[in-house]
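Data block below; observations after.
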Amino acid sequence: MPFCHNIINISCVKNNWSNDVRASLYSLMALIILTTLVGNLIVIVSISHFKQLHTPTNWLIHSMATVDFLLGCLVMPYSMVRSAEHCWYFGEVFCKIHTSTDIMLSSASIFHLSFISIDRYYAVCDPLRYKAKINILVVCVMIFISWSVPAVFAFGMIFLELNFKGAEEIYYKHVHCRGGCSVFFSKISGVLAFMTSFYIPGSIMLCIYYRIYLIAKEQARSINDANQKLQIGLEMKNGISQSKERKAVKTLGIVMGVFLICWCPFFVCTVIDPFLHYTIPPTLNDVLIWFGYLNSTFNPMVYAFFYPWFRKALKMILFGKIFQKDSSRCKLFLESSS
C-alpha cells in the first residue's frame, strides 16, 4: 500500500490507481483548467480593452471573470495534483493558504452571480430607473462585498481553525494525516459555510430570477392583450412575444441550472457529512469539488457568450485586431441595443 509520507504510521494513504487512470484524470482536469483560464481571460481582455464595454454592469462581470480566472490559475492546479494523487506535496502552511483561497474564490464567484441577478432584476423590471439605481458606485460596493466577505470568512475560518471547532477529536484521530490536505467541516462550520457561500446567495438568485420570469411573462401577456385589442399584426406579434417569453425562460433556466448542478451537490454533502459521521468517501468529495469548479468554467459561456458583443470581440481578439490603432473605440453593438 503506497503512502504519502515517509513516516507510515502518521501518513495519508496514496491511491493505487494505474498510470493510465492517473494520466486520464490529469488530462481531464487540465482541460477544465485551460478552458476556465481561456474563457475568463477573453472576458477580462474584452471588457478591459473596448471602451464601449466600460459600463457598471460589465465591470461586475469583469470582476467575476477575474475571480474565476484566479481560481483556475491559483487553486485548480494544486487541487488537480491532490485529486489525482490523493496526496499533498506542498506543505501544511500552503495547504491552509490553498484551502482558504479555494473557499474565498469559490464563494466570491457565487457572490458575483448573486449581485448580477440583482443587476438583471433592475434592468428588466425597472428599466427607466436602472441607470440611476445601478451606477458605478453601487457596482463598486457590490464588487467590494463580493471579494471582502468571502476573504474574511475563508481565511478567518481556516487560519483560526474554526472549521473543525467542536470536532477536534474526530479530526485529529480519524481525518488528519501527514501528506494530506482535506477540507474538513464540523457540524457548525459546515452549516455556516452552507448558509454563507451557497444558501443565502443562491436563494437571492432563485427569488430574483423567478420574479424576473413572472414580470417578463406578465409583460408578454400585456403585449399580447394589446395586440388583440388593436388587431394589428396579431399573429406576428403574438409569435414574437411567445418567442421572447421562451427565450427568457431558457436563459433563466440555464443560469439557475448550471449554478445548482455545479454547486448544490458539494454544499449538500458539506452540510450533511458531519451528521453522517463523515461517511462520505474522500473521492466523492473530490469529484463534487470539481463539479463546483466547473461553474467558473461555464460562467463566461453563460454570462458573456450570450451577449451580442462577445462574438465580435472574440473575433477581434483571435485575429489580433485589438492591436490595431483605435481598436478600443470599435463599436461592438448599436447603443440602442446594448
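Every residue gets a Cβ built from N, Cα and C, even glycine.
Annotated features in Swiss-Prot:
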BINDING   ASP102  2-phenylethylamine binding site
DISULFID  CYS4-CYS177  disulfide bond
DISULFID  CYS12-CYS87  disulfide bond
DISULFID  CYS95-CYS181  disulfide bond
CARBOHYD  ASN9  N-linked glycosylation site
CARBOHYD  ASN16  N-linked glycosylation site
TOPO_DOM  1-24  topological domain 'Extracellular'
TOPO_DOM  46-58  topological domain 'Cytoplasmic'
TOPO_DOM  80-97  topological domain 'Extracellular'
TOPO_DOM  119-135  topological domain 'Cytoplasmic'
TOPO_DOM  157-187  topological domain 'Extracellular'
TOPO_DOM  209-251  topological domain 'Cytoplasmic'
TOPO_DOM  273-286  topological domain 'Extracellular'
TOPO_DOM  308-338  topological domain 'Cytoplasmic'
TRANSMEM  25-45  transmembrane segment
TRANSMEM  59-79  transmembrane segment
TRANSMEM  98-118  transmembrane segment
TRANSMEM  136-156  transmembrane segment
TRANSMEM  188-208  transmembrane segment
TRANSMEM  252-272  transmembrane segment
TRANSMEM  287-307  transmembrane segment
Rounded to a whole number of Å, the separation of the Cα atoms of CYS12 (disulfide bond) and CYS177 (disulfide bond) comes to 5
Per the Cβ under 8 Å criterion, with at least 6 residues separating them from its ends, the transmembrane segment (188-208) contacts 103, 106-107, 110-111, 113-114, 117-118, 120-121, 149-150, 153, 157, 162-166, 255-256, 259-260, 263-264, 267, 270-271, 273-274
### Query
Do the transmembrane segment (136-156) and the transmembrane segment (287-307) share at least 3 Cβ pairs closer than 8 Å, excluding pairs fewer than 6 residues apart in sequence?
no
Spacing of the two Cα atoms, CYS87 (disulfide bond) and CYS4 (disulfide bond), in whole angstrom, works out to 6
Looking only at the recorded positions CYS95, ASP102, CYS181, CYS4 (disulfide bond) has its closest CA neighbour at CYS181
Cα nearest CYS95 (disulfide bond) among recorded positions (ASN16, ASP102, CYS177) -> ASP102
Within the same chain, the residues 6 or more beyond the ends of the topological domain 'Cytoplasmic' (46-58) and with Cβ under 8 Å of it are 65, 119, 123, 134-136, 138-139, 304, 309-310, 313-314, 317, 322, 327-333, 338
The topological domain 'Cytoplasmic' (308-338) resolves under DSSP into 20 helix, 0 strand, 11 coil
For CYS177 (disulfide bond) and ASN16 (N-linked glycosylation site), the CA-to-CA distance in whole Å is 18
Cβ-Cβ distance under 8 Å, sequence separation of 6 or more, same chain as CYS181 (disulfide bond); the residues meeting this, in order, are ARG82, TRP88, PHE90, CYS95, HIS98, THR99
Counting only residues at least 6 beyond its ends, the same-chain positions whose CB falls under 8 A of a CB in the topological domain 'Extracellular' (157-187) are 3-5, 7, 10-12, 14, 82, 86-90, 95-96, 98-100, 102-103, 193, 270, 273-275, 278, 282, 285, 289
